[in-house]
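Report on the following structure.
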Amino acid sequence: NQTPINGFILLGFSYGVQIQFLLYLVFLITYIVTITENTVIIFVVKRNHHLQKPMYYFLGNLSFLEIWYVSVTLPRLLFGFWSQSMTISFSNCMTQLYFFISLMCTECVLLAVMAYDRYLAVCHPLHYSAIMTHKLCFQLSILSWAGGFSISLVKVSFISRLTFCGPQVINHFFCDISPVLNLSCTDMSLAETVDFVLALVILLIPLLIIIFSYCCILSTILCMPSAQGRRKAFSTCTSHFTVVIMFFSATLFMYARPRRIHPFNLNKVVSVFYAVFTPALNPLIYCLRNKEVKETLRKI
């Protein structure tokens, strides 16, 4: 005799008033900085003809993605700090879950595409411009976005069919897969299996492409005769490799394991890292280690 619920309460960060105010300021500043950084990168890439290259085209895609990535979760979290109301309807919860997972899956594929671009640039420099044409860049970016949003649609469609009867409290600051699944009062084995398999597919296939690309890149760099050539080749890849390590280490921990073994407080800490701080750090990593971007910013 269970009554289905039509909304949830996001527990968020239930600490004292002073700590909540401090967290509000930290998240607000992080959100503003993230939006500003990524908007500047998109502006610089679009306006400067020296940066009309495949690498910066994909970087612009990544910056556009990061703007929406943080906008899916942070505005509602900030509103909850301000209004002390963390309720969310079932439909809004599923919508937030869909877009967050879609953007995360898209980033997985996009990082693999960027690794492939670096592989062509380092391992096949003479054929690079002939292979990585504007048409191929556009097709790869469309593949990234379409693949991410399609896989997320399958995931969320299975989750949305479950029945939720309470408790209606989600021990998280946004609607994520693990805490939502654990509130279901019906058999969720199929939804859990589908989500786990698709998580492995969308994480491991891009990760294998990245590993293969960087193995080839490393082999090519070590065979270069000049130290200056090796340093230049390394410098074009280190920024992307750093972002890959940060992103995949957190997402593999969160989404490539069975759901019920996650301690939820640890989930929230890891989620803050990859959902809030990583989008703010990515533009800094790319800009601080990229001479062309730094030089363009100086001129502007």
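From the backbone N, Cα and C atoms, a Cβ is placed for every residue, glycine too.
Automatic, uncurated: that is what TrEMBL annotation is.
As annotated by TrEMBL, transmembrane segment applies to 21-44 (among others). Residues 13, 15, 51, 59-60, 63-64, 66-67, 70-71, 74-75, 77-78, 81-82, 276-277, 279-280, 283-284, 286-287, 293, 296-297, 300 of the same chain, all 6+ positions outside the transmembrane segment (21-44), place their C-beta atoms under 8 angstroms from a C-beta of that stretch.
Summarising the annotation, TrEMBL assigns domain 'G-protein coupled receptors family 1 profile' to 37-286.
The transmembrane segment annotation in TrEMBL covers 56-77 (among others). Counting residues 6+ beyond its ends, the transmembrane segment (56-77) has Cβ neighbours under 8 Å at 10, 12, 27, 30-31, 34-35, 37-39, 41-42, 45-46, 88, 96, 99-100, 103-104, 106-107, 110-111, 113-114, 117, 137, 140-141, 144, 173-174, 275-276, 279-280, 282-283, 286, 293 in the same chain.
Sequence annotations record features per position, and here TrEMBL assigns transmembrane segment to 97-116 (among others). Residues 55, 58-59, 61-62, 65, 68-69, 72-73, 140-141, 143-145, 147-149, 151-153, 155-156, 159, 174-177, 180, 202-203, 205-207, 209-210, 213-214, 240, 243-244, 247-248, 251, 275 of the same chain lie 6 or more positions beyond the ends of the transmembrane segment (97-116) yet place their CB under 8 Å from a CB of it.
Residues 54, 57-58, 61, 98-99, 101-110, 113, 116, 194, 198, 201-202 of the same chain lie 6+ residues outside the transmembrane segment (136-154) yet bring a C-beta within less than 8 angstroms of a C-beta in it. The transmembrane segment annotation in TrEMBL covers 136-154 (among others).
Residues or ranges marked as transmembrane segment in TrEMBL: 196-221 (among others).
According to TrEMBL, the transmembrane segment annotation covers 233-256 (among others).
The transmembrane segment feature in TrEMBL is assigned to 268-288 (among others).
Long-range contacts of the transmembrane segment (196-221) within its own chain (CB-CB distance under 8 A, at least 6 residues past either end) are made by residues 105, 108-109, 111-112, 115-116, 118-119, 122-123, 147-148, 151, 154-155, 230, 233-234, 237, 241, 244, 248, 251-252, 255-256, 258-259.
In the predicted model, residues of the domain 'G-protein coupled receptors family 1 profile' (37-286) average a pLDDT of 86.
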